[in-house]
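J.: Copied straight from Swiss-Prot:
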REGION    1-74  region 'Head'
REGION    75-110  region 'Coil 1A'
DOMAIN    75-390  domain 'IF rod'
REGION    111-132  region 'Linker 1'
REGION    133-224  region 'Coil 1B'
REGION    225-247  region 'Linker 12'
REGION    248-386  region 'Coil 2'
REGION    387-446  region 'Tail'
MOD_RES   SER438  phosphoserine
Amino acid sequence: MSLRLSSGSRRSYARPSTGSLRGASFGAGNACGVAGIGSGFSCAFGGSSTGGNTGVANSCAGFTVNEGGLLSGNEKVTMQNLNDRLASYLDNVQALQEANADLEQKIKGWYEKFGPGSCRGLDHDYSRYFPIIDDLKNQIITSTTSNANAVLQIDNARLTADDFRLKYENELALHQSVEADVNGLRRVLDEITLCRTDLEIQYETLSEELTYLKKNHKEEMQALQCAAGGNVNVEMNAAPGVDLTVLLNNMRAEYEALAEQNRRDAEAWFQEKSASLQQQITEDVGATTSARNELTEMKRTLQTLEIELQSLLATKHSLECSLTETEGNYCTQLAQIQAQISALEEQLHQVRTETEGQKLEYEQLLNVKAHLEKEIETYCLLIGGDEGACKSSSYKSKDYGSGNAGNQIKDPVKAIVVKKVLEEVDQRSKILTTRLHSLEEKSQSN
């Protein structure tokens, strides 16, 4: 919201006279010239104003009076009149200073009420961003909590995977030991198979030898029978010899008994070894079957654990990707919000700078306006009376309105009416309120 002050109309009433106002210009260090009937008058005014106080310094550069001019007659009365007018001028200056101080106080109060610290007036209202910021903070907290839960789940899954890995290593060591035992039993089985093959070969060899002995014995018996059944009769008186038949029969009986004993011993040893080997093979087959079943179950468990591990790794990867994406999105949003805040702060700084510039320009224009009004009033007071009429000029201000001046002739009493219009406008140059202040001063002309 900006404050604009436009000066109203300033009117002066005086009796008609033969004096005229020509070539008057007003400003800091302005010079005015008045030509009257039978008199010459020239005066220069200089004024300045700084800050909130208005100071006016008027210096008369030249004051020339002809014999039939303004100061002809009683010079003492004229000086008294000028002193009275100067006192009135100083009173007006004091009143304007008080009005200026009042305006400064109002401007200060307005800045305290609508200044940058109150989030109103010229300052931007950031209250509509607070819910968005709170929502973003809540989302960040929720995402952080979800991230912490995901990290906790990942740690639990990692610990579970480590536990399963230890179990797998233990089962693998047990499996390797069982395989080593199976390999040892296989070597024992191979040795037993070799021993059985050797025994079978020995049995076959002994069987062939027995068959060969039976065949030789049969041939010898046939030869002896053929020799005994011939027609040759030989009689001789000799000592009785050894009966070969009996001897052969005895040898055959001993040999058969020995072969039968060897066969029985070999068969008994073979049966014993076969029974022990069969029992050991049965036990080994049972252990192998149980080990194979256990190995199958361990493989199934390992596959299940690998599947669970892969699913957990996939979940972890997806959560990490989601976390990265969420962080990127929130970083982008925070960067955008920071950019908006920076832009708004820059706009706020620019608005404050413009406001300060407008304030300084307003003060300067107000000081110039006050100075011009004082010069006009002083000029009117100096040239007032019976010699001439005051004619004020009109001027325009770019930011604070315009003032109109004119003179009217009503009666011998001179009246000065000062009207001030105080307008409050917003940033869109829309007039909100308008206040009118008028100050009327009447004085009897000389």
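Here the Cβ of each residue, glycine as well, is placed from N, Cα and C on the backbone.
Worth saying up front: this structure is predicted, and the values here are computed from it rather than measured.
Tell me about the setting of these features in this model.
T.: Averaged across the domain 'IF rod' (75-390), pLDDT in this predicted model comes to 83.
Across the region 'Coil 2' (248-386), DSSP helix (H, G, I), strand (E, B) and coil residues number 136 helix, 0 strand, 3 coil.
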J.: Do you know the DSSP helix, strand and coil residue counts for the region 'Coil 1A' (75-110)?
T.: 36 helix, 0 strand, 0 coil
J.: Let's see if you can do this one: DSSP helix, strand and coil counts over the region 'Coil 1B' (133-224), in that order.
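T.: Residue counts for the region 'Coil 1B' (133-224) by secondary structure: 92 helix, 0 strand, 0 coil.
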